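Colleague: Following this message is one structure expressed as structure tokens.
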């Protein structure tokens, strides 16, 4: 009892730990929703090069996760711990690189390299923060119940962080009216009209400066929150070396474990299903701001529509937690993810209407909540199934989770790169007040048709997923029997040893 009371975490410690998860979600949401439209319309990067920046940055982000995890495992303990030094030293450089992503350099050449370097640098540095932060769960207490409780606090704060990132970036940027240019391309004007456009471009320079300043102000506010959350984490959480000591045998090597995990059928089917789902929602996230601005014509409302999506997602996570407990996880997948399909079709088929768009945003948020919660709820079931099939092999939990994150981030990079490249091929006009018909058609495809097809494919893959509620109950009982058998065997060995003595 004394040991348990020592391991018990206070509410203050759990809150301080949970706050550390906010920077990753706040910056991730701001970049996910706004970086594409910023590069195209504010920094005025060519759509082809913007696609390279977005693709390379997200793919590099995926690669850095296993790299940073490997280097952390080789790090020696210090008086601050083994994980805290990574968080301490990465934080200031991450804030600087994040701010420079939203800065438009006054250079004629090298602009693309500027954004590529600082975007990849920030992804590396935020990984150096988030990977040790995620692993910190194992170093705050030896009590599983205390770790689970701290994780629940963390998930709540992370979901709120997505709302905060969308709200801060959207509301500050939305106050500045980004000027647009009426291009003669759209209306078939004569060359004499082109001469009339020059004074307009000069006149719009100051307004565009205001928009750039708004992005930098938002970056400064988010950078300040990043620093505040990091300080709260460092001052309020103590990394305990003894909490990480394992009582089990030496686990298998990394490559042996990777081979076993990748040959586990339920894991591959679950990963494949959520990869298609993730790709669908990443396409929606990355292109929804452009779709609202140009296709629907809600130039001054898109930030509020994005906020409606994230608020809806936040408020409906408890509902999906209750739903999967009541009706099962596979049923929650079918209902939750497929609920977005009719609304995604309606927003394209129906005439442009602000109220309909808000309804679609709320419905999309409900599906986003399901897609956010369900993978982390279903992965433990796959791990339990794996343990039953490989009872002598252990220590592979990190591989299951890390490679799910790796594939998700890689998919995000592919989706952003392909969508931006598609807009370039369609003839996207930077800072245009409107876009050619091909661009509007491409945006409709990217936020409606393609996501719907991907969601349907994911539902077909989930049909093949073998772990339903009955299977899950059987696995749970079988694991319990194995543990009891192991405990009884250990007790009998101890009794035999005592009799010999």
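Cβ coordinates are placed from backbone N, Cα and C, and glycine is handled just like the others.
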Colleague: Write down the single range among 304-324, 472-492 that appears in TrEMBL as transmembrane segment.
Modeller: 304-324
Colleague: Taking 39-60, 61-82, 83-104 as the choices, which stretch does TrEMBL tie to transmembrane segment?
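Modeller: Checking TrEMBL against the ranges 39-60, 61-82, 83-104, the transmembrane segment one is 83-104.
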Colleague: Check each of the ranges 241-265, 441-465 against TrEMBL and return the one annotated as transmembrane segment.
Modeller: 441-465
Colleague: Which residue counts does DSSP yield for the compositional bias 'Basic and acidic residues' (476-486) in the helix, strand and coil classes, in that order?
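Modeller: Going by DSSP assignments, the compositional bias 'Basic and acidic residues' (476-486) contains 11 helix, 0 strand, 0 coil.
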Colleague: Go through the chain and flag residues at least 6 beyond the ends of the transmembrane segment (214-237) whose CB is under 8 A from any CB in it; none is fine as an answer.
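Modeller: For the transmembrane segment (214-237), the list is 12-13, 15-17, 19-20, 22-23, 26-27, 30, 34, 38, 42, 84, 87-88, 91-92, 94-95, 98-99, 101-103, 129, 133, 136, 140, 164-165, 168-169, 172-173, 175-176.
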Colleague: Can the transmembrane segment (331-350) be said to touch the transmembrane segment (441-465) if we require at least 3 CB pairs below 8 Å and skip pairs under 6 apart in sequence?
Modeller: yes
Colleague: Report the listed stretch (83-104, 116-140, 304-324, 398-421, 441-465) having the maximum count of Cβ pairs within less than 8 Å of the transmembrane segment (356-377).
Modeller: 304-324
